[in-house]
Every structure is written in C-alpha cells, then in structure tokens.
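**Student:** Before I ask anything, here is the structure I am working with.
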Amino acid sequence: MALGSRWQPPPQLPPLLLLLALAAGVRGLEFGGGPGQWARYARWAGAASTGELSFSLRTNATRALLLYLDDGGDCDFLELLLVDGRLRLRFTLSCAEPATLQLDTPVADDRWHMVLLTRDARRTALAVDGEARAAEVRSKRREMQVASDLFVGGIPPDVRLSALTLSTVKYEPPFRGLLANLKLGERPPALLGSQGLRGAAADPLCAPARNPCANGGLCTVLAPGEVGCDCSHTGFGGKFCSEEEHPMEGPAHLTLNSEVGSLLFSEGGAGRGGAGDVHQPTKGKEEFVATFKGNEFFCYDLSHNPIQSSTDEITLAFRTLQRNGLMLHTGKSADYVNLSLKSGAVWLVINLGSGAFEALVEPVNGKFNDNAWHDVRVTRNLRQHAGIGHAMVNKLHYLVTISVDGILTTTGYTQEDYTMLGSDDFFYIGGSPNTADLPGSPVSNNFMGCLKDVVYKNNDFKLELSRLAKEGDPKMKLQGDLSFRCEDVAALDPVTFESPEAFVALPRWSAKRTGSISLDFRTTEPNGLLLFSQGRRAGAGVGSHSSTQRADYFAMELLDGYLYLLLDMGSGGIKLRASSRKVNDGEWCHVDFQRDGRKGSISVNSRSTPFLATGESEVLDLESELYLGGLPEGGRVDLPLPPEVWTAALRAGYVGCVRDLFIDGRSRDLRGLAEAQGAVGVAPFCSRETLKQCASAPCRNGGICREGWNRFVCDCIGTGFLGRVCEREATVLSYDGSMYMKIMLPTAMHTEAEDVSLRFMSQRAYGLMMATTSRESADTLRLELDGGQMRLTVNLDCLRVGCAPSKGPETLFAGHKLNDNEWHTVRVVRRGKSLQLSVDNVTVEGQMAGAHTRLEFHNIETGIMTERRFISVVPSNFIGHLSGLVFNGQPYMDQCKDGDITYCELNARFGLRAIVADPVTFKSRSSYLALATLQAYASMHLFFQFKTTAPDGLLLFNSGNGNDFIVIELVKGYIHYVFDLGNGPSLMKGNSDKPVNDNQWHNVVVSRDPGNVHTLKIDSRTVTQHSNGARNLDLKGELYIGGLSKNMFSNLPKLVASRDGFQGCLASVDLNGRLPDLIADALHRIGQVERGCDGPSTTCTEESCANQGVCLQQWDGFTCDCTMTSYGGPVCNDPGTTYIFGKGGALITYTWPPNDRPSTRMDRLAVGFSTHQRSAVLVRVDSASGLGDYLQLHIDQGTVGVIFNVGTDDITIDEPNAIVSDGKYHVVRFTRSGGNATLQVDSWPVNERYPAGNFDNERLAIARQRIPYRLGRVVDEWLLDKGRQLTIFNSQAAIKIGGRDQGRPFQGQVSGLYYNGLKVLALAAESDPNVRTEGHLRLVGEGPSVLLSAETTATTLLADMATTIMETTTTMATTTTRRGRSPTMRDSTTQNTDDLLVASAECPSDDEDLEECEPSTGGELILPIITEDSLDPPPVATRSPFVPPPPTFYPFLTGVGATQDTLPPPAARRPSSGGPCQAERDDSDCEEPVEASGFASGEVFDSSLPPTDDEDFYTTFPLVTDRTTLLSPRKPRPNLRTDGATGAPGVLFAPSAPAPNLPAGKMNHRDPLQPLLENPPLGPGVPTAFEPRRPPPLRPGVTSAPGFPRLPTANPTGPGERGPPGAVEVIRESSSTTGMVVGIVAAAALCILILLYAMYKYRNRDEGSYQVDQSRNYISNSAQSNGAVVKEKAPAAPKTPSKAKKNKDKEYYV
C-alpha cells in the first residue's frame, strides 16, 4: 500500500489521544536502554511486498536502534535508527546498493511523535509527523525476503552474527524511551519475548479478548493499564466508539469559514483536522464517487445558466495511478479554468481574458499518482496587492490559491482588468470529447482513476457536480461506462521495445481534421522510429508515375538524439525538429502532439513548438495501421515508404520504453495490445540496467561494442561476420568479370538516407562493386574501384523530376592502392545532402549541391552494371571477392544465399574461390595475339594471371612514338618489366622468392601513377621504382599478347631478353580497367591460341580432382567423376546446378513416367546445401501409390539424417556430430544396399548401418509351399541362420526436393543433387518435361535481365548428366538377355540410373516375391549376364560412354581387360566399338596381358560393357576368381559423336576377344591368389573406406571396397550434354507382355530348380565358398572380409543363345 493510502500522520497526535496521553502522564512501553535489552515480535510478512508499520515514540536519545529485520544473513535487511536525534532508514533487496532515508524532523525532544513506515516493492517510505520521504533500490527482485522476527529496541544476545545480514546492527545502542501503539497494518503484532522492558508488555490490553473499542475502533495503548480508541472512519464517537454521530445539516462535504465574502483557510494550509478543512466523511454522510477509465467523463451544461463570478472555489478528491489526465475544465476561448494531473503533479491554468495564470503543485517526494486519495482546493478571492511601478499605488488583484492535501499551497495573482470568470459552455469532469482541443489544456488525455465530491461554488450558487451526475440531473450528460463507486483502474503499464525489429500495430488513426497524441518515452539510443502511419498514394492508378505519387503520412522519429515530427497531408510535407536538446538521456520524455487542420503544435517536456503544414490541404488521410516502435519486416518492402522518414528507410526501429500512450484523449493499453499480437521483442515493463552491457566484451571476431538501451550493439562492419554478436561468417561471393548479383526490388524505392557497407578484395585497380540503378531515371549510388582508389558516385536525376539542376553527379574518392588482394572495408553514409565515404576507417565527407535529395532505384547490382540505359560510361566489371554487403540494414548477399528473399538473381559463386577469368592457352611459342593500342599515356594499371612451365617468353609488348615502349616478359622463371618513357629503357625485375614457371597460377600487377612511380607486383611481393624526366608513355601500334612474329624479336630494345613467345595460359587480363576478350577482340590471332587452360598433367595425382572427386585415368589424360561431390566441371571445381529455396517453401518434383519406374536394390544419393534451418526435409523419394517404400533425407535439430523403408520397418541413419544449420556449405553422401546404409557429411567419418536380419512369416509360408518335404528342414535352418531382409525399393515414382509437401519446407540453397544417375536440379534447369517446380524458387546463374556485352557474358553452368547403367543382379537370379535397342532421348534421361533394378511385368509386385507367380518349366541356375544395348548413337547422343575401373582396380594401370572365360557374349557388342584387339586371343597384334590381383569376391568386368557410376556394377558377378588379366594400354575407342564435338577419351579398359560365358554352377580352375593389399580391411563386415578428411593418394593398391561413397561413376559430359544410357538391364513395370504366358510357365519351373540346386550346393560346400553376394548387405564371412582368397571351382561356360527369345527380362526371388 502506498504512503498515505490508509493513514495520514498529522502534525501532532489527535486532540483526543493527546489529552488522554497527557492526563495519564504517558509512559507507553518503556525501554530502559540498558545492555541486553530487546523486544521480539512476530515476523512482519507485509514487509515482503506491500505493508505498513506504525508506532508512536517519545525519547531524548540521539542514537539508538529502533527496528530491524532481515532475510537471515543473506542480502535483504531493513534498519530504522535514531541518528543525531533524527530517524534514518536503510534497506536493500537482492544484494543491491542499500537505499538510505534521513528525515529532518527532530524526535529527541522528549515529545510524542507519530511514525509510519510503508513498504511497496522496491520502494519504501518513512513519515514522521508531517514529513514524509521515500527511496527506491535498483534491484532485480521486487520482493524483500523476510526470514527473521521483528526486533525492536535491540538485538537478543543469542542471535549469532552470521544470522544477521547487517552485522553492525548488533553493536548499535539500545533504544531508550517510550514506544506505544505498534501496529503492523491495522493490528498489533504478537510479542514473542522481551528483555529489559517495563510497562504493558506483559499485559496486552488491546488483545482481541480484551479490546474495549466497539464498532471497529482501533485500540491504542496509551500507558500501562490505559488504552484509547481511534473512532475515525467508524461513524461513531465517544471514548470507546460507542456513541453514534449525527450527520451535519447542509452540504455535509464542505465546512467553510467565510469572512466578508472571502473564503479563508488556515495560514499553514488546511490540513486534515484543521479549521476550514475538507473533512473525511463519516458514516452518516454520503459520498459521491465515480470511476473514470480514460473514455468516460460527465459534463454539466451551462448554456442556460452561464457563470459570471468574481469569487470561486473548487474542491474535489482524486485517486489514480496515471500520471496525466484532465480532472476538470470549464470555459472556452479567453475565459476558462483547467485542472489537470500532469506528470504526477497537479496543474492549474486560469485565464480571465488577460493571459493565462498557471500553477504547479508537486509533492516533496514521489508523485500524486500513488493510488491514494488526495484533496484539492482551488480558491479565487479579491485581495489588495501593492503594485510595483511608477505609480506605486495599492491595487486590487485576485488571489488564486491551490492546495493539495492541505499542506501544499501555491498562490498567485491575476490582473485587475479582468476580474470576472465567464462561461456559457460545459463543465467537464474527468475528460472531454477532445481534451487536446480544450483551451489552455496542458494534457491531451482524459483522467483515469476515481474522482470524489467534485463541487464548484461561487458568490452566487454551488454546484455539487458529482452528486448531480449520480442522481441523473437533466443538465448533466454522461459519456461512457461510468461507475459510481471507486474501482481500481490498472495503470497503463509501460512497455519496452528490446530490439529494432520490435513493434506494436495500433488501429488506424482517424484524424482527418483534428487529432492528438501524447506519450512518454525513455531511451539512450540516438535513432529510432517512434510512430508511423501513412495513407494511399495519390494518383496510384494505372499509368501514374511512381515519382509523382504522394501519400499522406505522419511520423515521429529520433535522429541523432533529437525528436523530429514529419507530416504530409498530400500537398507538401514538413519535417520539424521538435526538441531543442537531445532527448536520448535515459530520462522520461513527455511528448504531446495536437493538430487542428494545417495548424498544430508539438510539446516536448512542456516546451511547445507550433507548426503550419505547407500547401492547402487540411485533411490528414491515413489508411494504414499506426505503428509504434518500428515497422513490420514484410511491410518494409511492400509499403511505399516516404523517403523523408529516414529511420524507416534505414530500418532503425526504436529501442527503449514507452508509456501512457493516448490517442485523441483515449488511452491505449500497450501491454495488452502487444500480448494480443504476440509482438516479439516487446516486454511489459521498463527498467534501466545500471551495468555496462559491453563490460563482458560480448562482440566476437573483432566487432566493436557500443552501449544501447539495456543492450549492447555490435558493429560488425569490417569483421567479415554478421549477427547479433558477429558470430556468423558473412557470405563471400567470387566474381570473375562475367559474374554478378542483382537485387531486383519489388517496387521502386525512394530514399533520402542510405547506409551501405561491404568488404572487398581484388587485384584489379578497376571494377564495379555496388550500384543502385533505376529503370526510369539516371539516379544511382555507385561504388567502384578507380585506379586503385574507392570512388563514390551519387547522381540524382534533377531534370526528370523538375527540380533545380545541380552541378552533376557528386563524386568522392578515398583510399589508395586498394587493389592489393587484401580485404578492405568501405562504408557510405548519406543523410540528405550530407555524404560520408569511409575506407578502412578513413573518412571523407562531402556536401551535395541543389535542393533535390531523393534517390530512386529499382535494383541493387554488384559485379556488373546491367542497367545501362541512362549511363554514358559503363564501369568496368569486377574481378575479386565481395562480402558483407549491407544496404540500409539488409544483408542482401546472405539473404540471397539463404533464400530469405526471392528477388535476387546471380551467377557469382558462393565462397572464397580462386578466380581465373577467361583463360586462354598459347600452345606454342610462335602463337600470339594482337589487340588495339594500350592506352597508358599518363598512368597505367595492368593485371593478368599466368601459368606455365616454360622459363622464358614474351608476355606483352607495345611500341610507341620515338623510343617509348612497354614490355612484360618471363626470363629464367622471373617476370621482367621493361619500359621507356623517353629517358632511356628501364628494367624492373619481380622479386618472387622462386621461379614462377611452376605450372601454378600467378598474379601480376604492373602500374604507373601520375607521379611516375612504377610498381611491379608478383603475387604478394612488390617492387617500386620512381623515374624522373618524362612522365608520359606515348604508345602506338598494336598491343601484342603472348609473343611476336619472328622477325620482330631482333628489333626489340636491348634490355628485352625474350627471343621467343610465351607458352602457357593467360587469364584475367585487365588493361586499364578494360577486360578484353582476348580471342574475340584480337585484331590478329597467330598460331594455336585457344580458350581454356589445359594443363600439361595427364596422370592422376592427389590434387587432380577437387572436392573429393574421383580421378579416372585415361590413356591420354584423366577425367574426374564428380557425381558424389555435388560439384561439376572437368575437375569437380565448378558448382553444381544450384537452386535457392526461399521463404514459404518450394518444391522440385521429378516424376518417372509410369512405364519407366525403377525398382532398386541399391541407391546412391549426394547433395550439397547450406541453410540456417534446424528442421527441414531436403529430399524424399517415394514409391508408387500403395507400396509405401520411401527414402528421405532430412535435417533434424541441426543435424542430417536419413530414414528409409523398403518393405520392413523404418530404418534410420544419422550424423549427430556434424551441425549443418550454420549457413555453411555441406555435402551429404548416402548409399543403400538392401537394408544396409552409409552416410557421410562433408569429411566426417562414414557412418554405417547394418540392421539385423528379419523374416516375414507370410513370405516364408509362400516360399515354404514350393519346397519339397525332404528339403524343408534344410531351408528352414538356412533361413533362420542367415536371416532375410527385404532389400528392394519398389517402383520409385517421384523424387521431391524441398520438403514443402511434407510440411517441413527447406530454406536455403541446394546444389548438385545426384540420385541413382539422375541430376534432378540440372534437369529442372533444362526444363525437362518430367520435372515440375513450385513455390519460391530461384536458379542460381540465370541470365541477367539485360543482354550483356562480350565482356560480361555469363558462363554457362555445367549440366553433368552422367551416363550410367542399371544392372539386374541378386544372390540367386534367373536372368535372360533381351534384344538390344537404340534408346530414345526419353530413355537417355529416364534410364539414367545406376542401381540394381528388379521388376517383372508379369508379377504385380517385385517386392521379394511377396506375390506368387506361376512357375514355368525348364531352366537351370545360371549367373547373371549383363548385356550392352546397341551402340548406335541415339539421335541426340553426345558422347560415347566409357567404363570406369572398379574401385578395386582403378588406381592400378591404365588398361584392364577381362579374362577370356569371364567375358559376356558378343551378341550385344558391335564390332565397331571395339579396340584394335577385338580378335582372337592368340592375335599377334595384341599386347601380352599382365596379371594383377583382385579383392574380396574377385568380381571381374568387361570394359566394353556400358558405363556405370555405382559400386554395384563391380559386385554383380557372384564369381570368386583368383586372377585378373590386365592388358597394356591401347588406343582410345573411336568417337561416336555425331555433332562433331570432341569426344571423351576412349574406353579405359580394353576388351579381349569374344569368349563364351561361364556355365552355371562351375568355376574356373585358378591358382591361389595373394592380394596386393597395403593395409588389411578393418575386420569382418566392415569394408574399407576413403580417408575421411581428404582424398586418398592414388597409388597402386586397394583404396576402397564396393558400396561406399566417392566411387567412380561415368565420365561427366560437357555443358548441356548427356550421353546415352548404355546397356539398360532394367525390367520396367509396363513393358510389352509378349511371351508372358511362356515366361510364367518357364519361370515357375525354374524357381523349383533354383531351390533344389541351392539346397544341394548349400549342403555340399564349406562356409567360405557359398555363392551368396554378401557384399550386398555388408555381412560377409571372415575369409571374404580379411582379404583371403576363396577357393572355388570354376564353372564351364554355357552356350550363348544366338537370339533373345523374350523382349523383357524377368527375375524371381526366394
């Protein structure tokens, strides 16, 4: 309870109590003050939060302990002492700094004094007699912890010091004197014990059983054995409150003493109980109270009885928690009286026509809005006053007096000329329809709280306004839901906007003609948008021009600590600085805005500033919601924000506290609105932290910390990081001169303030970094490198908008030699006409001329300026790296990468990549190019990259007038720069630490500035030279690149050593900011000069393929298998096809045609991605409807996992150690073989999953029916021993990327997705008919929105569609070959899968023989035979497929052949596809074979077979051989391309002569085989894998086992190419049914024979030789897994059928 809410201490005891005390010679409870004295009362529970303690004391001691309590020795305590004869209170909460109160009233005068102590959360008040003070502690906790009893007069000696929070209290002197009437709240506490006390302590006369006071009177102990009763508030009197009091006659609520027509009151103020005071009502007197909640008021109509008075009196009582509000008003224009509460003080304004008289009454401590009753009295009386001036005569003036609670009085005088108060308007109580418009009103909002007994009286009549309102007088009008009783009106809780993104949306403000807004705010931050609302743009119809559209708007914003008002009613805006000083000082600031038509005022802390809007319009038409604290994120783009509101464009939301918001006089519950809207970052309180937020150094990575409002703000500019604490690495984009990023904004933006920052790194002296461009004007803000300096250009197109033309584009330069290949930070700050350009914290300032300050733009471009319609000189394209582009608070690069925005297009590469732009190869020393003359007269900046193994060669030469020339050459592995400006030739030699002809790329910079300082920089090492004399280089003739004609070398100057041309590669050639296309721009091209750079290396090395690509050795070079890397390109260094999935989700769906749905036993999936999401679905593959098989790659809790089901339970595998939700690029590789799976994230170790075997009772029952009785037991034992696992992913129907259909959409970028030979993203980019896209999707690398010149042509992303094979193999399979056919284009796509495919058109399901098929007759168990389709090139074939080596063999030699006994039949091979050894085995032209060892199951292969990228290809033959024949290298396979393009190298492994196939059930006789393993496998069932962190060294030996990631697939095709699918041993669901009947009969019979033979072989073999393809599920026996050779007999070759009898393969499984 607040101070004064229950008991107000009068200056002295009430007369009755005082007389009783004097008569009895008051002693009370007597404390002798001796050692060991103490009194112990029950715990004061009210001290915890709200409560009161009161007592009377009489003493002459100057220092003593009165009261003490604490929390038992921890933090909280409360101590009341006598110090120097005055009361001193100390207390604290939550270990905060203790608060101290020292009163001035002396109490050591041996008289009685009344003491009241009030607790209210953090605040505690102390009052003695008429003096009251309060203090507050700044603690985290509001409640005081009370654990001890209440000690009075001393501390018991048995209380240990450790149990006292304030240990010094035990040494304070005990109290000496009398203490009476101790109460906690309304009741006395229980005395638990005492020592050294005399008097009534042992005889509690006021105990409930002995209390003599009746009717609720309060019992008071006056002296030992004597009590008194306090009868106030009871309506009774007498000694024991037993006598009923009678009500007074007349106006009972006023007791006034009048004298000669004047209203008098006591000199010291009419306190309670004093003469002329307003008495508290008794029980017999009726109170007239009303509750006002901000929208209620009542008014008395004075039009029939106007007021004309010279003497007035107004009395009322109020109770409120609100700081501001109108209590009473009457009058208009010149005559009025206004009584209001403003900032917790009572404010009186009286105007009698001669100017306003104002009086302010404030309490000494606290405020009047303490929810306690306060009495107000206002009088106006005629008094004689001595005038001051030349007349020096006495004059009559009116004395105006206002008193609050009788003790606070303010007086003043009005002028005599105007003595009458006239009013014929209304008497408003508690508010008005428009408080802001009332004359003289200091507030704009209505009252919230209780008003009681409002009475107006003059010399003619008296108006009891509260009574009239309650009784419903006809002249009294009531507004709102008035309640005629006092109810608690909750205070308008303040709210805190904790971040710039926080805001609260208020209902639309209808203030067309008039309006008012008032609020309080408190902050320490300099900038922020407080209020904003706007209307519909005028002229926004069809055909209207964006720049001419205007919208009404209203805004208040903080800029640099000053408060600004912005207003536009459609005919011109005003921007008014409303505060004369900065208001971000952390203190509450009151703002009051009032408008009437074009006129109005804004008041800041009672300092009013008038304004007059421009134009003729008087109507403010606002359509949007009224936003408080900021703007919604989506609205920032969709709303056409007025450029005059700078904080809106800069996205600088307000951070701080707001309270007491009133709109048109009506309150707004901000806390309730924030909670209802779920406003993020809006807290329902306001407190200011005293601790420095930056003290803990929260900013990481070099970020600069600055203090905000209860927060720290990290400036991450220049760190390369983003985020709240600079914790997230900023996205880096790499540009090669043909790359760009373009942000295409949804609407035209108009701004007058911009904040731009970015980091860059480049070796070129020229290049565009960032530019805003417009489709309709020449407006631009452009940053570019110009001669190694940073150049800022700001152009505002004045001619277009009809403003006064300026002198042209403003230009600022900063920095120098910024092309040093180091990171630099640039920042641009524009505020209207003011410009700032900072480079690496060095700032240059400038001012723009002219009045036009509005910048229009539609795009933000980097790297290349594509919008060129309004520019005469196009800036040079950028080569280098950009990072951390933030434009007006938006990190566009990171948003584009993460998919947060959908309006960006780019082909620049993410990541810090080595940049080699437009390389060309000079294949011989006699090759060269001739370009136009080099322009290098006054200065020069040249840059290029080169790579060579030649030690010497001429790189660049240009002759000139006289002896002028320039030469750059390579001499003995070092760069020489030779020049002559007319003073004779000079030579500068590069100081590289070693020769640069090391076949690595090197960077060369040659420059000459206007000061004639020459610079030669090789990589990071620089040489400079200053030359005197001539300063100009006057060149003419052609510029030769790479060499000269032979006859010109002899004429070169003597310092030039070259006598031959350059052989190697050149790239990124920059000639004074121009990027020539060396091939297209050449005037002459002599010799072999070709695009690209083919290095001299032709053998696989560890560095041959990047990003874990697998190097495949060819006869005349090598290729890289990039399928499981997510990258593409010749060496797996180009990004794969990349899509950005935006907010709201997107989906890419690849659907197999119903006739071509594959079923696989093995799957391979690889994908790259980056995201900040912790939960999303990346890829999902579903089977046909009703089957239920699926495979899903997802992110859960920031980690990657895969779940799949191929007919059994869900099987999961995940990588819990790799967090992928960090926004960085990650690559996931997944393989499945049956129920076994592997998962690898980036370079983390491979995770493996081997589920336990299971069997299906139904399936077993079906199979068991076909088995003879005598074999049943054997089969049962075998099944139980081995366990069966469902392994086939049946009838795959669709691949879905993005997770939108699963309710967990992915947001970010996905790149290079590969699944079983399909590159779905590449197909989507090619608009494949089987691919459907939906949602917010963006292809990275789409062409720019305008055609670019040859200099800016974007490179085409590679669409690597690997040619693969689909095999059909299982442990025991019946396979027949089918007639080969030439695939169509659809086949080349739909058959592009590399896994085991099993299906049967005759059986509805191929799921492990779940469905029964009729058996057929005949057939024997044979091994699977893989055939090759006809090699006739399809109509759109692009290159002949080649067969990579199996992982067991590919590092060995360049050519591997198969033995004669293991070759497939020749029927499926075309003679033209063979090499020179397609003849008999004993052909003398063929090289002798070389023997090499195999691995594991020893599968063999045939190089003439179609290509594959699945390890399954190498494990499909269940043969166990002990030797493989390797052939020496041979010529490549002939090119089968029909389009004339260069084909891939020929077949890597040459086939030997045709031979019959091996017969089923028989094995070749071989000698024992010793494997060439450098390291044995890891153990049973654990195959070896690549080293997890980096690619393995390619050396002879076994580096990988089948079935693991990073295995070779097929040769990637070139851009946009796809090879034919090769042999497709796939059984589709709905192929031709020819021969179905025959097949069913034959297949059924064959099933029985298979089982019989299997059982027989099982009963007659050892464990190490059974022909189960254990590599399928990674469950192998020890002999197979440790490298030992399995001994078997070789089967004989069966006859190869000359003609396929069926056009469809079929398989059946048991």
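Positions of Cβ are set from backbone N, Cα and C atoms, glycine also.
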**Student:** Name the one residue among D1182, D1189, D1242, D1328 that Swiss-Prot lists for the same Ca(2+) 3 site as V1206, I1288, N1290.
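**Tutor:** For Ca(2+) 3, Swiss-Prot names V1206, I1288, N1290; of D1182, D1189, D1242, D1328, the listed one is D1189.
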**Student:** Between C686, C714, C716, work out which one Swiss-Prot annotates as bonded to C699 by a disulfide.
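**Tutor:** That would be C714, the partner Swiss-Prot lists for C699.
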**Student:** If you look at how Swiss-Prot annotates this chain, which of 283-316, 589-622, 1677-1710 comes out as region 'Disordered'?
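**Tutor:** Range annotated as region 'Disordered' by Swiss-Prot: 1677-1710.
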**Student:** Name the residue from C686, C705 that Swiss-Prot records as disulfide-bonded to C694.
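**Tutor:** Recorded disulfide partner of C694 in Swiss-Prot: C705.
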**Student:** D779, R854 show up in Swiss-Prot as binding Ca(2+) 2; which entry in L758, L796, L835 does that record put in the same site?
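**Tutor:** Answer per Swiss-Prot: L796.
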**Student:** Check Swiss-Prot and name the cysteine among C1065, C1122, C1132 that pairs with C1093 in a disulfide.
**Tutor:** C1065
**Student:** Please work out which recorded stretch in 493-686, 690-727, 732-904, 918-1093 has the most C-beta pairs separated by under 8 angstroms from the domain 'Laminin G-like 6' (1137-1345)?
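**Tutor:** The listed stretch sharing the most Cβ pairs with the domain 'Laminin G-like 6' (1137-1345) is 732-904.
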**Student:** What residues, ordered by sequence, lie under 8 A Cβ-to-Cβ from N338 (N-linked glycosylation site) and sit at least six positions away in the same chain?
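**Tutor:** Listed in sequence order, they are L326, L328, H329, W347, L348, V349, I350, L438, P439, G440, S441, P442.
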**Student:** Give the residue from the glycosylation sites N60, N841 that has the most other Cβ atoms within 10 Å of its Cβ, counting over every protein chain displayed.
**Tutor:** N60
**Student:** State the residues, same chain only, that lie 6 or more residues beyond the ends of the domain 'EGF-like 2' (690-727) and have a CB under 8 A from a CB inside it; answer 'none' if no residue qualifies.
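**Tutor:** Here the qualifying positions are 138, 496, 498-499, 523-525, 586, 655-657, 757, 759, 823, 825, 827, 840-841, 883-884, 886, 891, 894.
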**Student:** For N60 (N-linked glycosylation site), what is the secondary structure state per DSSP, taken as helix, strand or coil?
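**Tutor:** Coil, per DSSP.
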**Student:** How far is it from N60 (N-linked glycosylation site) to N841 (N-linked glycosylation site), counting Cα to Cα, in Å?
**Tutor:** 70
**Student:** Going by DSSP, how much of the domain 'EGF-like 2' (690-727) is helix, how much is strand and how much is coil, in residues?
**Tutor:** 4 helix, 10 strand, 24 coil
**Student:** Please state whether DSSP places N338 (N-linked glycosylation site) in a helix, a strand or coil.
**Tutor:** strand
